[in-house]
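S.K.: Sharing a structure below in C-alpha cells format, with a few things to ask.
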Amino acid sequence: MATIQVDGRSYEVDGKDNLLQACLTLGFDLPYFCWHPALGSVGACRQCAVKQYRDADDTQGALVMACMVPAADGSRISIEDEQAREFRASVIEWLMVHHPHDCPVCEEGGHCHLQDMTVMTGHSRRRYRFRKRTHRNQYLGPFIAHEMNRCITCYRCVRFYRDYAGGEDLGAFGANDNVYFGRHREGVLENEFSGNLTEVCPTGVFTDRTHSERYTRKWDLQFAPSVCHQCSVGCNISPGERYGDIRRIENRYHGEVNRFFLCDRGRFGYGYVNRDDRPRRPEWHGETEETVTLDVDEALDRGADALREARRVIGIGSPRASLESNDQLRELVGQANFSTGIAEREQVCLTRMRRLNRDAGLPTPTLRDVESHDAILVLGEDLIQSAARLGLSVRQAVLARRERLAEARGIPAWNAEAVMTLAQDARHPLFVAYPTATGLDDVADRCLRQAPDDIARLGFAVAHAIDVKAPAVEGIDESTKATAEHIAETLLAAKRPLVISGGSLESTAIIEASGNIARALATRGRRGGLMLVRREANSTGVELLGSRPLEWALDELTRGAADAVVVLENDLHQRLPSGRVERALSAARTVIVLDHQRTSIWERADLGLPAASFAEGDGTLVSLEGRAQRFFQVFEPRYHRPETRIHQGWRWLQALRASLKRRAVPDVTLDAVTRDCARHHPALAGIVEASPSADQRVSGLKLARQPHRYSGRTAMRAHLDVSEPRPPQDPDTPFTFSMEGYYGFDRPRREVPFAWAPGWNSPQAWNKFTDEVGGHLRGGDPGVRLLEPTEDIGDYVNEIPPPFTSGVGEWQVVVLPRLFGGEETSSRATPIMARAAAVRLHLSEEDARRLEAEEGDTLVVETSLTRLSLPLRVDTTLPSGLVGVPAGLEAALVTGDRAWLSLAPEGEEEPP
Amino acid sequence: MFTSLISGTWSQLRTLGMVFLHAFRRRETVNYPDEEVYLPPRFRGRIVLTRDPDGEERCVACNLCAVACPVDCIALEKGEKEDGRWYPSSFRINFSRCIYCGMCEEACPTSAIQLTPDFEMSEYRRQDLVYEKEDLQIDGPGKDHDYHFYKVAGLAIAGKDKGQGPDEAAPVDVKTLLP
C-alpha cells in the first residue's frame, strides 16, 4: 500500500499501480484513451496528464502522464490543476481535429469512450477550420465494420489484437499523420477474439457489424445479466434487446471468469434467437400432416391427454437447457425415466471429469487464476476451438513470463512496452498434445501432433515421470519417453503447473491421463491446477443430475418399454446417428418436444412447445470450472409480439405436470424451481446462492433492465394499441422490465444488467463497478463454485491404451471441434454461418499421396454407420492414419471410429 | 345605509353599461374555423420529417430525437440503403402523447425533424393520432434550406466518396513515406 495525495487529500492506494489506475480506483474521473486495464500503459495518447509535485514546498509542479508514473508512496498530484485541465482539453481538441462529423451515423455513438472523454474535458467547439484527413475503409468480415476516419491512433486495437490475443492480420501501417489500422489487404479478420475490438477501440473505428443492420443505441437497449450458452466456459454477457430481438451481446465484467473479453462465437452467435422460423406458439402435428397452432391451455390439455394415455413416459434432458428445466422434466417423468440427453461416450467422459475435479488433488482454477500458472500442459484439446475464452487465458499465462522478468528488474507490470521489449520471446512453457495444429501453437514450447491414444500414453508417461508410483507405460519408445520426462521436469520446476484436458476427443484415457498427472503433481506437493473442458453450456450441471445417457432412452423406446417421450431443448440428430433416433421416435406413440429452435426433432414431434432461449428465460448453468451461474430473462416476448406463447422450459413442464394430475397450474417462480432443484440434488445444493433471489432490493428498489434514457416507451408499440399496456411484471427475478429501478454503481450489487455511471457510457464504465480497476465486482463476482476437490487424492488409474497403429487402407476418425459452425445453436446464426470455414476432410500429406488425392478433391469417408463425401484438405500437421472431420456435420462420425476413404467417383459432388 | 344603496345601484348600472359598450369594440377572438388563425413561424405544432436539398431523406436514424423526447413518444428503427446512407426504416410519433416541446427538433443533428405551425390534428379516435413515417415525411427541406448532412459527415456514400466533401482531404495513401 502507498499513500498518495490527490488535490490536497490523502488516499491509500496500491503502490504497484500507476497513478491513473490509482485515481480511477479511487473513483476520480480522469480521462484516458490508450491505457486499458488488461493491456497496460504505453503513454501514447497524452490524455491522462496530471500535475505532480515533488514535495509540500513544490508549488510549481510538473505535468506527467498519470498512466506512466507509479503511484509511489508520498506522491503528490493534482487532477484539478488549471494547467493540467487545459492540457487535457487541448489534447482532446487535437484528437478531434480530424475526427469526422458522423456521430449520428456511427454505431459507437451513445457508448463511445471518445464522446465521454470529450464531454469530460469540456471540449465542445471545433476551432480548426481546415481540411480533414480521410481514410479508406476495409472489409473485415461478417463480424466487424471498419471506419478509419474516426481513429484517434491510441494503438489499443493492435495491442489487443497482436499482443494480447495473438492475432497477426491486423497492424498499424503508414507513418506520422497517416497512421492506419487495418489488414495488409481487405479480408476477414482471422483471430477468434476480433469482436473485442468493438469494445477495446475507444471510438467507432471497429464496430459490431452483426448489430449494424438493425442498429439500436445503447440507451435504447434492454439488458439483463446473462451467461453465454455457446460453450462451457460460462462467460458473463449482457445481451441487449429492442423490439423483441436481441440486437447485441456486450461483455459483462466478471472478475474471475471472462473479465474484459469474449470470444467471437459468444459475441456474434446470438442470431438464432431472432430467427424468423422460430417456433413461437405451441404446435400440434397431427396424423393429418397439417400443423395446428394452439394456445397454452389447449396445448397443455392435449399434451397431458397424450401423456396420460401412455404406459410409460421417457424424458430426455439437455446439456444446453438450464438445470431448472432439466429438473422439472425429471420431476414430470420420474427419476427412473429420465435421461440426460447426452450420448453415452460423452457422458462417460463427463462423469470421469467430475470425479477428477473432486479427487485428483488439484483444484480447478478460475479463468483469471489460469493466468497465474507458469507451466501448462494441454492434453487433447484445441482450446481456441473448444473453449476459446479459456484459450485466451492460457495465452496470457504463457505470456505472463514477461511480467515475472520485468518484476525481477523492477519494471512495473503495467509498463507494457518496456515489459515486452525486455522479455522479447520469453514465455512460460506450454505443451500442446493434439492430433493437428491448434490455435495456441504459436506460443507453445512443443506441439505434439499425435493420435488420441498416443496422447493418452504420453500423458500417462508424464504422470509416471513425475511420480514413479503412477503406472508406467509399457513399450513406450525412447523419444516419447524423453518428451514425457522433459514435460514432467518442466511441470515440477514450475511454481504453479496447470494440466488442461477435456472431452473434445471423447477419450476417457486422455482424461484419466490428465488425472494421473494431477494426482502425481498433488502427491509431489505442487500447488497446481487441473482444468477439464466440457462441450456445452450446461454439460457439467446436467451430469451432476446423475442420470442415464441418451442411448438408454432411445433403446427403451425402440424396444417398446416406453411409448411416449418428452424431449427438452435437444436436437437428438446432432448427438446420435439419425437412423437410431428415427427408430426410437417412430416406436413412440407420443413425442413432445420443447425447444426454441425449429429442429428436425421439432418437426417430428406430435406436440411442440415453444421454450425460451437464454434471452426469454431464466435459469442456472454450471460452467466447466463448476461455477453455477444464473442467467436472467432479457425481455418479455409477448410485449412486442402479443401472439407469441414462449415460456421457460421449466414453466411449461411444471404446467404440464399439473395438467397431467388435473390440478390447476400453480404460479411457480424461478426461485421455487431453483430451490426444488437444489433440494432434489445434494450436489447442486449451492445453486440457490448463485444469485440473489427475486426479493432483492437496492434502497427498496428493484433493479432496472433499461437505462434511464430508454426512449420510445409511448410509441414503440403504439401501432398495436395507442393505450400502452402495463410493463410486463417479473415475479422471477429482482429486475424490472423498465427503467424504473436502481441502475447506479455506488451501491454494490452482484448482478449488473448494464454498466453505466454518470459521464461513463462506454464499456469503460465497468471500472466504476469494480473494487479496483481490473479487480472484482464490488458486490462480489456472480456465481458459486460447486466442484471443490476433496482432501483424499484418488488412486492412480491404469487404463493405458495400446499405441495407435494405422491399419492398411483404414483410418481412424478424429472429430475436430470448430469454434464457428461446430455448435448446435450458434451455427444457426447468419454471421457465424458466414464466418465458418468451408468444411474439409483433414488428411496427412502421406495419406493423401497414398490415395492419389489432391487438395480440394472430393473424398468419400465411410464407416460402418454412415457415408460422407467432403473436399480434401491436406493437413501437414496431422499424423498419418487419422482422418479429421469437422464437428457439427454428422453425428454418426465419432472420434475413434474406423473409416475407409476413397476418391469420390466422377460426378459425385459434396452435399451443399 | 341610504348612500351605499345609491352608490351600489349606480355601480351595477355602470357595469351593465360598460359591458354593453363592449359589444361595439373590435373582436379579439377569431371565428375559427371560419377564419384562419395567424400563427408565428416559430409556433410549435405538427412534426414533420424533411428532405435535404437533393430530395433525399434527411433523417439518418440517429435516435437523438427519441432520447430527447420527454414523453418518449418517438420510436424509430435504423435501416441502411444500398448507397450507404442510414435512414429510418420506420418512424413513429404518438401525437396523443406529444407535448410539442420541440426538444426533438433541437436535438436533431441533421435538421430532419421540424415542428410546423400546424395544430389542426384533432381526431375522434386516439389511435389515429399515431403517425407513421409516411404521415410525417414531407417533400421539402422545411425551415433549413441548405443543410446536407452527408456532405459534411466524412462518410463515403454512393456518389460521394471519401475526400470528396468540402473540407475533406483526399484519402491517405498509407504506403507513402513522404511527410
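Note: Cβ is positioned from N, Cα and C throughout, glycine not excepted.
Keep in mind that TrEMBL annotations are predicted by a computer and have not been checked by a curator.
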S.K.: According to TrEMBL, B:C59, B:C62, B:C65 bind [4Fe-4S] cluster 1; so which of B:C101, B:C108 is the extra one listed there?
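M.R.: Looking at B:C101, B:C108, the one TrEMBL places in the [4Fe-4S] cluster 1 site next to B:C59, B:C62, B:C65 is B:C108.
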S.K.: If you measure B:C101 ([4Fe-4S] cluster 2 binding site) to B:C65 ([4Fe-4S] cluster 1 binding site) at Cα, how many Å is it?
M.R.: 12
S.K.: Going through the binding-site residues B:C59, B:C62, B:C101, B:C104 in order, which have a C-beta under 8 angstroms from some C-beta of chain A?
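M.R.: From B:C59, B:C62, B:C101, B:C104, the ones near chain A are B:C62.
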S.K.: Residue list, the domain '4Fe-4S ferredoxin-type' (B:49-79) vs rest of chain: Cβ under 8 Å, 6 or more residues beyond ends.
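M.R.: Non-local partners: 85-95, 97-99, 101, 103-114, 133, 136-142, 144-150.
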S.K.: Kindly assign B:C65 ([4Fe-4S] cluster 1 binding site) to one of the three DSSP-derived states: helix, strand or coil.
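M.R.: Where B:C65 ([4Fe-4S] cluster 1 binding site) sits, the three-state DSSP reduction gives helix.
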S.K.: Between the Cα atoms of B:C59 ([4Fe-4S] cluster 1 binding site) and B:C98 ([4Fe-4S] cluster 2 binding site), what distance do you get, rounded to the nearest Å?
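M.R.: Between the Cα atoms of B:C59 ([4Fe-4S] cluster 1 binding site) and B:C98 ([4Fe-4S] cluster 2 binding site), the distance comes to 19 Å.
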S.K.: What residues elsewhere in the chain lie close to the domain '4Fe-4S ferredoxin-type' (B:89-118), defined as a C-beta under 8 angstroms and at least 6 residues from its ends?
M.R.: 39-50, 52, 57-62, 64-79, 126, 129-133, 136-137, 141-144, 147, 149
S.K.: Under a three-state reading of DSSP, tell me whether B:C104 ([4Fe-4S] cluster 2 binding site) is helix, strand or coil.
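M.R.: B:C104 ([4Fe-4S] cluster 2 binding site) sits in a helix per DSSP.
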S.K.: Do you know offhand how many angstrom separate B:C108 ([4Fe-4S] cluster 1 binding site) and B:C69 ([4Fe-4S] cluster 2 binding site) by C-alpha?
M.R.: 11
S.K.: Sorted by position, what residues of the same chain at least six away from B:C62 ([4Fe-4S] cluster 1 binding site) have a C-beta under 8 A from it?
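M.R.: Residues satisfying the criterion: B:W86, B:P109, B:T110.
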S.K.: Once B:C69, B:C98, B:C101, B:C104 are set aside, which residues in the chain still have Cβ within 8 Å of the Cβ centroid of the [4Fe-4S] cluster 2 site?
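M.R.: Result: B:I47, B:C65, B:A68, B:P70, B:V71, B:C73, B:I74, B:I99, B:Y100, B:G102, B:M103.
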S.K.: Enter the number of other CB atoms within 10 angstroms of the CB of B:C104 ([4Fe-4S] cluster 2 binding site).
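M.R.: For B:C104 ([4Fe-4S] cluster 2 binding site), the count of other Cβ atoms within 10 Å is 24.
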S.K.: Quick one: among the binding-site residues B:C59, B:C98, B:C101, which has the most Cβ atoms sitting within 10 Å of its own Cβ?
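M.R.: Max Cβ neighbours within 10 Å, all protein chains included: B:C59.
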